[in-house]
Amino acid sequence: MADDAGAAGGPGGPGGPGMGGRGGFRGGFGSGIRGRGRGRGRGRGRGRGARGGKAEDKEWLPVTKLGRLVKDMKIKSLEEIYLFSLPIKESEIIDFCLGAALKDEVLKIMPVQKQTRAGQRTRFKAFVAIGDYNGHVGLGLKCSKEVATAIRGAIILAKLSIVPVRRGYWGNKIGKPHTVLCKVTGRCGSLVRLIPAPRGTGIVSAPVPKKLLLMAGIDDCYTSARGCTATLGNFAKATFDAISKTYSYLTPDLWKETVFTKSPYQEFTNHLMKTHTRVSVQRTQAPAVATT
């Protein structure tokens, strides 16, 4: 009976999974009871976590002194970091300070190639702008073999490059600041100039600078560009360079009040005005000595 069962449909029979008979698997890897994976599928998959699932959010463990201070709430805003020009080396610091207000947008994804002995190696370059629409903006670019990896890396680099944006008024100081404080210029291949505009004008510019200016929280601005603006990467970098220079100018309202100290003649004028008895000094002339 056992021989009949094995011949009919058992593991060793023609109808069993170990043979290439009718209705069964053909030989090779993965066939039979002791096949590839041993009943656990074709492996656990690649990437983050199990196949088809999402990686669990892990708690942020800072690795720098600045990260520890931010997580322990010793530093509560980015302005305290910018005040002392401390380098930000963890993107989680930006997430911790700005939180859900931070928005990102992919400006462009372009393929780039490198000639090698084996042929052309193609990678993808991603340009990502990030900002909170309230005075903070960043720009990042990353190359990778995969588009998703390039975008993810560009977002991290954009967070690390976030700069504060100084805003001002065009005329009367009524309401909230709405435009750039003064004329600023940025250069990266092409030259971009930002000019203050009256309230209600909007952003008069090309689409790429307009996205960066909106993310920076600027509502009204004139722009002018010179050079080759068709290269999106250089155009975006020049705009970001101009925006980052808004805190580079020491405007008169930031000048420290100069305190002049009086000279002793001015400080003791009343004392010098008092009448004093004049002391006359008689000069006595020494008698001449005759020499022989």
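Note that Cβ sites are derived from N, Cα and C of the backbone, with glycine treated the same way.
What Swiss-Prot says about this one:
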COMPBIAS  7-34  compositional bias 'Gly residues'
COMPBIAS  35-51  compositional bias 'Basic residues'
CROSSLNK  LYS274  SUMO1 cross-link
MOD_RES   ALA2  N-acetylalanine
MOD_RES   THR251  phosphothreonine
MOD_RES   LYS262  N6-acetyllysine
MOD_RES   SER263  phosphoserine
MOD_RES   THR269  phosphothreonine
MOD_RES   LYS274  N6-acetyllysine
MOD_RES   SER280  phosphoserine
SER263 (phosphoserine) versus THR269 (phosphothreonine) - Cα distance in angstrom: 10
Coarse DSSP state, helix versus strand versus coil, of SER263 (phosphoserine): coil
Alpha-carbon spacing, LYS274 (SUMO1 cross-link) to LYS262 (N6-acetyllysine), which is rounded to whole Å: 20
Rounded to the nearest Å - Cα separation of THR251 (phosphothreonine) and LYS262 (N6-acetyllysine): 28
Those recorded positions listed as LYS262, LYS274, and which of them has the most Cβ atoms within 10 Å of its own Cβ: LYS262
